[in-house]
């Protein structure tokens, strides 16, 4: 066998160099002397090593090109499944060439076939394009993880057998080795799916994800929370009121019985009962509430004290909360920024919609008080309020802007967030810092420095005081307002952490990343307790359901995925947006999900229809997984922010962009 390989290597070298006569002479000698003496082992070893060095890079390109042509020319019924194999094989061919030191050949191979994969994997290709040496493969965590873990690909039994049969027949030993070493096939019986599924490389093995998702989590809401206590008070007050009305009705009935001999007692009692129960025959507040049925857990964090004024405000909001459902959709109030000239990076709205803040590329924050915008100022061409020579508002007697200007950052502001009561604002910037502002004093209070790279997102906890930041340094950090150093650091993502969100009970934090995964972290230990894999693009937005059981995440491709936190599985994908999903929010009782996108629409989804599926329906795929209730298009305004108020009014904000 070794002698045959040596002969093939020598003939291939002669053919490559153009020594055709020498090649023919050697072949004739081989045919005449079939029993030639064996080559010296040392010389044989050197010849084979030289042949591998000479022909290795060429074989990668030739064999991959064969596999690619065969896959594209396959029958249409099997083609979608066979094409899934090409991208991971392409990536590992490139990395193997780099690992063996064939830098120039690796670059040529990469450029020759990258066009076939740019549509679905542009970001991955941009990352790997900078890999030039074996040392880069070790230093880049994404590339290192890809080489350490296998990628999972689903194929039907017949497609799998066709693939192996072709590779053996075509003698594509390099491709066969890569597939055997780098790909884990999940073979199933029956007919091929026929769907052009995109293979996602996350750098994490299926076994590692399953091991993480086996950890126990407590997904319920906080016990004895403010809203729960106030809800009980409201229910008790209404029960007392209903009881008083019943007693009053009984008193009137007894009077009528005494005066009329009891003739009209029956109808009167029935009439009073109808008034109390309503036309549906149900009590006044018998609507289902997923929050009230969720399990109660204790918070691992020390919760801040709540003032009496805040309790009164929350109580008033709960009393006037609208009950939403698929048949009772929310009112929407949309705040539109004009003349921003693409400088608006982010927006946030206070819980009652009274304050709106925007973060801009010129490193400034601008806060609008909606209640004080009675007189419309004159706007200049740069998006600011026009000012006179003395800094006063042109055409205004008061000389005041329509907004409050906050300056302090030294780079573009990428995120802003109001505290639960709207008295504080957090901002995150490209200057690697997070700043805390007072919306009452209109001043910067604290500058938090710990991240090493730009900070993409920042979010207050549901009860204030604590907040979390996400950065390009691939970490999320938990802070307290009264501490200048972070309390916890969540590290584990392979790329930027683009968005963060608190769990309803404040014991967990969810992070979305450019590595196409969402992770759930335990605030107390800083460990990852759930890993959600399924997105095909970078994750840009996250929302938690009020009962803490479900999580929604949106990505750059416009896909929204609903996750069950207890199992770590995707309940249903929500497909409808055509561009990046920048913001997500649940209604207060958790029955609706609102999504805002760069496609200039707000969409309302029925959460109950998508999350309450039986396991049988989920496996069979026969249930109606997606129920889009309403699509609300804007004129030409990408949606930057969404927020449900405590009264279930939906607020939205975005910057108007002129169509070219």
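Placed from the backbone N, Cα and C atoms, the Cβ positions cover glycine too.
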Range annotated as region 'Disordered' in TrEMBL, from 241-295, 296-350, 351-405: 241-295
Secondary structure content of the repeat 'WD' (490-531), with strand meaning DSSP E or B: 0 helix, 24 strand, 18 coil
Cβ-Cβ under 8 Å with the repeat 'WD' (574-615): same-chain residues at least 6 beyond its ends: 287, 289-291, 321, 323-326, 329-330, 332, 334, 540-547, 550, 552-562, 564, 623-644, 646, 648, 650, 652, 654
Remote residues contacting the repeat 'WD' (490-531) - C-beta distance under 8 A, at least 6 residues beyond either end: 123, 127, 141-142, 145, 200, 202-204, 208-209, 212-213, 215, 217-222, 297, 299-301, 303, 456-463, 466, 468-472, 474-478, 537-548, 551, 553, 555, 563, 565, 568
Secondary structure content of the repeat 'WD' (337-370), with strand meaning DSSP E or B: 1 helix, 19 strand, 14 coil
